[in-house]
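Feature annotations, courtesy of TrEMBL:
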{"type": "TRANSMEM", "residues": "B:6-24", "note": "transmembrane segment"}
{"type": "TRANSMEM", "residues": "B:61-82", "note": "transmembrane segment"}
{"type": "TRANSMEM", "residues": "B:94-118", "note": "transmembrane segment"}
{"type": "TRANSMEM", "residues": "B:138-160", "note": "transmembrane segment"}
{"type": "TRANSMEM", "residues": "B:190-208", "note": "transmembrane segment"}
{"type": "TRANSMEM", "residues": "B:228-252", "note": "transmembrane segment"}
{"type": "TRANSMEM", "residues": "B:259-279", "note": "transmembrane segment"}
Amino acid sequence: MAKLLETENLGIAFGGLRALSDVTLEIGRGEIVGLIGPNGAGKTTVFNLLTDVYMPTEGTITLEGKSIVGKKTYQITRAGIARTFQNIRLFKDISVIDNVKIAMEGDMHYSALAGILRLPSYWREEKAADLRARELLRVVDLEDFADAKAKNLPYGQQRKLEIARALATQPKVLLLDEPAAGMNPTETQELAEMIEKIRKKFDVAILLIEHDMSFVMEICEKLYVLDYGMVIAQGKPEDVRKDPKVIAAYLGGNEDE
Amino acid sequence: MNVLSQIINGLHIGSIYALVALGYSMVYGIIKLINFAHGEIIMVGAYAVYVMLVLVGTPLWIAVLVSLLFCACMGMLIERVAYRRLRNKNAPRISLLITAIGVSIFLQNLAQTIFSSSGKSFPNVMPQGSIRLGDAEISALTLITLATAAVLMIGLQLLVSKTKMGKAMRAVSEDAGAAKLMGINTNVTITWTFAIGSALASIAALLYSSAYPLVTPYMGSTLGLKAFIAAVLGGIGSVPGAMLGGFLLGIAETLAKGYISSVVADAIVFGILILVLLIRPAGLLGRNVKEKV
């Protein structure tokens, strides 16, 4: 598969604390890749580097062959990397559909005056955005809640709304930070199906952080295992799970699984 | 004067407070800064109209347009020069506040240097005459003020609730970090907020100067302070709150002046503020946001 997003020898130190070193990842077009590892291994830090919330202290990040290090966060989003958050960060007091439409800002061009005076460009763009937002809500089964405030959705659906909002930026790569956290087994199963559907429908590559191993093993084609800020194993899920280093990292050296 | 006239007068001054309060509230909502330089934008707007009308001699609509654009640019310039760097460096909020006070003093002194500290009398540009409503007489200026304020407030409400800029503003005010990650250029959104707030202040300046026709370098500080109180009263950060606070403050002030004493009117108004805040610390329409731990 063609390479879409790559990092090479990526590292970051916060003062004297080295959070990540030598992280080299490759994500191909339309691939579903898992990033796993014990708590504090640096998984979310990888996401923060990919979206330039932090500047890497060394290494490179390229999207479709172009370096994206040092770009502004919103430019990276517009270039095609979107994400969700470990601790849900929806715009809580804004309606479900407007949460999605906010993420379409980058594609809308009418002026403020056209907005106040309701000129044709306003109606045209708002209508298109509305249709697209509803379509996205349908994908994550939230169309019936379009006008509810985001904070009034149950937890599992807030996670789905975060995915719809991220998709609204028309990403090439979607970063999901613990999408199944706090979900029960049925919801997790639905989520796995939804992610598969999203990948096909939007032709998007997905990099996800997750602790639910059966979920990861089911949907990921490739895994990277982080521990203490370094990649300790990578490859197909079935190979990674047998890797003694991975088992040691997860179980603290105790190898009976 | 009867009660109805007093209330109408209260609405008149209240709508001016509300227009200025909106600027405080919007900026606070989006970057949590009490922009003390906002009051000075009124003064700048009043001088701009004065210069265009009296010194240059343009028609009123050109003067208003120039003042509006000048104030909007001034607001954006202040944000760009004085605040943005501090924001991007994550400076503590108190540094921004002190900077805002600095900008305010700078603008007052600049105006004093250019126009001297003695007041300029503002030309009478508004139509005269009045209409009767029952026992009350409403001047043309009051009608114009109320109508202008209403149109601007409706426009602002539409902008904030229905357009992409408004949605971006609300998103940035809720969670600037997440907004950036959804592709929103937060700096542009913040610049817009300053421009809109300042443009509203320039219109307030015209309306205020038409009612109290003396332009001085310090006119912005009292009016700005009252408008700030209106914003807090209504719930700072809330657009409808700023409007409500402005009207309430205006009416309370006029009634206190009319029926109790004009000397203690301000004391009464501030007393009301203290009472309201004791009962509703977040203001009338404000929300108490609980920090999660």
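The count begins at 1 with the first shown residue.
Cβ coordinates come from backbone N, Cα and C, glycine included.
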Winner by Cβ pairs under 8 Å against the transmembrane segment (B:94-118), considering only B:6-24, B:61-82, B:138-160, B:259-279: B:61-82
Beyond the flanks of the transmembrane segment (B:190-208) by at least 6 residues, Cβ under 8 Å: 15-16, 19-20, 22-24, 26-27, 30-31, 35, 38, 41-46, 48-49, 64, 67-68, 70-76, 78-80, 84, 87, 144-145, 148-149, 152, 156, 159, 165, 169, 172, 219, 223, 227
Range from B:61-82, B:138-160, B:259-279 with most C-beta pairs under 8 A to the transmembrane segment (B:6-24): B:138-160
Cβ contacts under 8 Å made by the transmembrane segment (B:259-279) with residues that lie 6+ beyond its boundaries: 6, 226, 229, 232-233, 249, 252-253
